[in-house]
Structures are given as C-alpha cells and as structure tokens.
Amino acid sequence: MLNWTAGFLVLIAKLTIVLAVLLLVAAYLVWLERKFLARLQIRYGPNRAGKFGLLQPIADIVKMVAKEDTVPEGAERTIFMLAPAVVAATALLVFAVIPFGKDVTLWGMKIPLVVADLNVGLLYFFALSSLGVYGVALGGWASNSKYSLLGGIRGAAQMISYELSLGLAIVPVVMQARSFSLVDIVQAQEKYPFILTQPVAFAIFVISAMAEIKRIPFDLPEAENELGAGFHTEYSGMRFGLFFLGEYVNMQVLGGLVAVLFLGGWHGPLLPPVVWLFIKIVLVALIMIWVRGTLPRLRYDQLMALGWKVLIPLALVNIMVTGAWVLWMGK
C-alpha cells in the first residue's frame, strides 16, 4: 500500500512539474520568436513590458483572459467550445512519453525521468497526434464561417497527408534501435546519435513535423492573405489562446522528439542530462523560428506535391536502404 501511494505521489509530482515547465516554456517561446524575428527584420521586438520585454508573455496572457469570449451566431456551440481544448490537450499529453534522463534514485525509490515509460511510446505519439486533427477540423466546421471551414478542411488534409511521411521517417530509427520505446531509442544512441546514420530520415521527419503542426512555410490552414486566420478566425479570448498554446507546445514536442530520435536525447558531456535535452529542444525551436523568418509560404498544390511526390517516396527508399544495411550488419 505504501509503495502504491508513493508511486502515485511521484506520478502527480512529475505531471505537475512537466505541465508547469511546458506552459512556462510555451509562453517564453512566443517572446523568443518575436525577438528572433525582429532581429532578422532589423527591428527591436517586444521591449516595453519589463526588461528586454521579458514580461510581455504575462501581459499577453492577461490581455487574452480579459478579452470577451464570443460564440458566432449559428455556430455549433458545444463543438466550437471544445475544439481548442482538444488541440491543446493532445499537444500536452504527447509530452508524457518523452524521457528527460536516466532513472534516478530518490528516498530509496528508483524513479524514471519520464511521465509514462511506455514500450510503445512512438505508437502513443502517433495516436494522440492523429486526434489533434479533430480539433482543427471540428473547430473550423463548428464556427459557421466559410473561412474557418476551408481552413479546417485544409488543416485536416495537410495533417493526414504528412502523418504518412512522418511515420515512414521514424521506421528506420525503429529498425536501428529495435524498439518502439523512446527510452530504448535514446539508450541505443549512447555511442553516436542517429542523425549520423539517418540524415535523410532526420530531414524528412523535421519537414513533415513542421507541416503537421502547421508552421510557416506550411501554415496554409491559417493563411492570412486568403482565409483571415483560417480555422480559428472566429475565436477570441482564451479559446484562441488554447490554439496558440497548442502550437507552441507542439514546437516543444517536435523539439523533444527530434532530440530523442536523432540527436541522442539526454546524452552529452559535462552538463546534466536534463540540461542537454533542454538545449537540444531550444535549438530545434530556433531552427523552426529561423525557417519562419526566411522562407515564403508554399502554395497549397506545392504543399501536397511535396508530401506525396517527394517525401513519401524518399522515405520508402530510405526504409529499403536501412533494412538492407541492418540485415547486412546483422550477418
């Protein structure tokens, strides 16, 4: 009974810490992105709220909380109100399987530095990321707006299309690590990160994941010059904030998965494992921000052609090459 109680308390503590860090980092990723883009465009960026604009995320949160929460006339009220929560919740729940370091011993208990050490962690990731499609599609449909509906349809088609190349990019990593567990995959990279043996899979995964979370240059579902704000055109206040939160938590999820699958996870010299993982996540986030400030938005036909005609065939070829290499190494 005592062990069960202690295990439950440890789980609650891990959930609380991970959730708090995710929300805090998401808020300051917005600040980092605005500052980084400002420098790229020879501007100052946020500099009014606090020193260097560091209080700007808090000011933004207060503003969104104070905004009126409106529901458009003719909207499907229940679905309209639930859709942002689906997007934010799926993004937050995916982080449960990302490991932060090796097991630690505390008060005589062996505690894994991961919320849920599943032996099918990658399948869990794909299951939850697939559910995120419903939040986008239903939010667009329930808004009773043509702009929102078109954005929702685009978002659903884009996310479903790029899930294929995303999944195929991970197959070579699983073949090398011989496991679906993210902890096992990190441990398999103790000698060298998989980016050295799987550069093609790394490139396909990063491009597909950016399309999956609808970041520029793949933000067709919310293209401002065509659709207003796409599937969240009719949202205001904290419901709009939940869509925003989902995007920036997804940036952290993408950074965590890239670090775990290709960059060696928590492995690194001198610094603690958790610090190494955090550095790698921030590095991936900075690359995404740099891409946003550098590349123009694709046309919708270019977006679909890239996924179906380039990434998926390339991923299939990479799987065959990796399979032959793993088979040869096994012999």
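Easy rule for this one: first residue shown is 1, then count along the chain.
The backbone N, Cα and C atoms fix where each Cβ goes, and this holds for glycine too.
Listed in Swiss-Prot:
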- 6-26: transmembrane segment (TRANSMEM)
- 79-99: transmembrane segment (TRANSMEM)
- 120-140: transmembrane segment (TRANSMEM)
- 155-175: transmembrane segment (TRANSMEM)
- 193-213: transmembrane segment (TRANSMEM)
- 242-262: transmembrane segment (TRANSMEM)
- 271-291: transmembrane segment (TRANSMEM)
- 310-330: transmembrane segment (TRANSMEM)
Counting Cβ pairs under 8 Å that sit 6 or more residues apart, are there three or more between the transmembrane segment (193-213) and the transmembrane segment (6-26)?
no
Hey, which bits of the same chain come close to the transmembrane segment (6-26), Cβ under 8 Å, at least six residues off its ends?
92, 95-96, 109, 111, 115, 245, 248-249, 251-252
Spatial neighbours of the transmembrane segment (79-99) not adjacent in sequence (6+ beyond its ends, CB under 8 Å) are 18-19, 22, 71-72, 112-118, 121, 124-125, 128-129, 131-132, 134-136, 138-139, 141-143, 182-183, 186, 232, 234-235, 239-240, 242-243, 245-246, 249-250, 252-253, 256-257, 260, 265-266
